[in-house]
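Student: Features from TrEMBL:
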- 69-343: domain 'Sugar phosphate transporter' (DOMAIN)
- 58-78: transmembrane segment (TRANSMEM)
- 90-114: transmembrane segment (TRANSMEM)
- 126-147: transmembrane segment (TRANSMEM)
- 153-174: transmembrane segment (TRANSMEM)
- 183-199: transmembrane segment (TRANSMEM)
- 205-224: transmembrane segment (TRANSMEM)
- 236-255: transmembrane segment (TRANSMEM)
- 275-296: transmembrane segment (TRANSMEM)
- 303-321: transmembrane segment (TRANSMEM)
- 327-348: transmembrane segment (TRANSMEM)
Amino acid sequence: MLCSRKMFNFFVRKDVRKILKRKDSDAGERGKALEDLRASLYNELRTSEGAKRQQQRVCGPTVALSFNFLVAVGIILMNKLVLGKVGFNYPIFLTFIHYALSWFLMAILNAFSLLPASPPSKSTPFSSLLALGTVMSVSTGLANVSLKYNSVGFYQMAKIAVTPTIVLAEFVFFGKRVSCQKVLALAIVCVGVAVATVTDLQFHFFGACVALAWIIPSAVNKILWSNLQQQENWTALALMWKTTPITLFFLVTLMPWLDPPGFLSFNWSFSNTTAIILSAVFGFLLQWSGALALGATSATTHVVLGQFKTCVILLGGFILFGSNPGSTSLCGAIIALAGMSVYTYLNLANPKHLSNKSSPIKAPFSLAKSKLSKENGTRDESCGAESV
């Protein structure tokens, strides 16, 4: 009894009460700090501007390009495995499975409120999203058809024509100029890739026609992805969420024209199904990493990265599919790497290029501010005229 009374008197003392109050206040401040942090993270994802800043902070150009490089090498070899050794001869339906799985994964993220917010519908017309979804379905579908009928080397050879197509299209439609040094570097890259892939040009006539038809949609697809992210507050996942249903619809319309009948009679064994699902997972990662890379850099830089993948893809084709790269291919790869090094050096040495990369994101805000200042200026002038 005496002990309990002493304990009560100890806790009643003023200095002890001050310590307990201080601990309670510290705990309250920590809880408030955690709530503020949670609210700030929630606001970052709930607004398109905050989600865009978060993407730029976490995934810069180096991370995005490295991520896209690893995934792109994996999916080309994986798709070649599925279309070749597995015998799944339905490239458009395979693309449909890729985008269906992508939409399913993004729907899960959306259900848990982890999908970044999209910009207001007024900022981006639906026609732009429709064009991107349509071009994306055509570009990805034709790429898989080209891989089915042609060798990996011929597929990379067709990608060479995408580079001048992008440069020409950006100059015609957006007035974007490329310096002579960069044009020379890009020409060296194209020549090197052409020499590197000249020994692996196994193609089918129909596959060659598909590869030629794939060039323009591929270039337009990259340009649209890059411009929508850099000129608007679109993040990669938000833009994928909006355009994937459109892509799925157009892929369904392409199936009767480019796929042979009878995909339901395919041998859906455990190993074959596992390979197709892994290919679909790579497809989602490729779409996401490609969108991140295009948002962080430019369409031309993304194509140069694709040419850099050629060396790794040729090596993978030699190991997995029996391709035999000789000394000519090695010399071409060295030439291509030299051109890529020069192009990268020119980009890093030009500070204006880096400032132009960040300016399109701020362009809508500066444009709105300029319009607002003009309106305020005209109102002030009219008020001044009335007062006079």
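Yeah, the Cβs are placed from backbone N, Cα and C, and that goes for glycine too.
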Student: Would you kindly list the residues that approach the transmembrane segment (236-255) from elsewhere in its chain, counting only those six or more residues past its ends and only Cβ-Cβ distances under 8 Å?
Tutor: 48, 51, 55, 90, 92-93, 95-96, 99-100, 102-103, 106, 109-110, 115-119, 129-130, 132-134, 136-138, 140-141, 225, 228-229, 287-288, 291-292, 295
Student: What else in the chain is close to the transmembrane segment (90-114), if you only count residues 6 or more beyond its ends and a Cβ gap under 8 Å?
Tutor: 45, 79, 82-83, 137, 140-141, 144-145, 147-148, 237, 240-241, 244-245, 247-248, 251-252, 254-255, 258-260, 263, 266, 276-277, 279-281, 283-284, 287-288
Student: Per the definition of 3+ C-beta pairs under 8 A with sequence separation of 6 or more, do the transmembrane segment (275-296) and the transmembrane segment (58-78) touch?
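Tutor: Since 3 or more Cβ pairs under 8 Å link them, the transmembrane segment (275-296) and the transmembrane segment (58-78) do come into contact.
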Student: Top stretch among 126-147, 153-174, 183-199 for CB pairs under 8 A with the transmembrane segment (205-224)?
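Tutor: It is 126-147 that shares the most Cβ pairs under 8 Å with the transmembrane segment (205-224).
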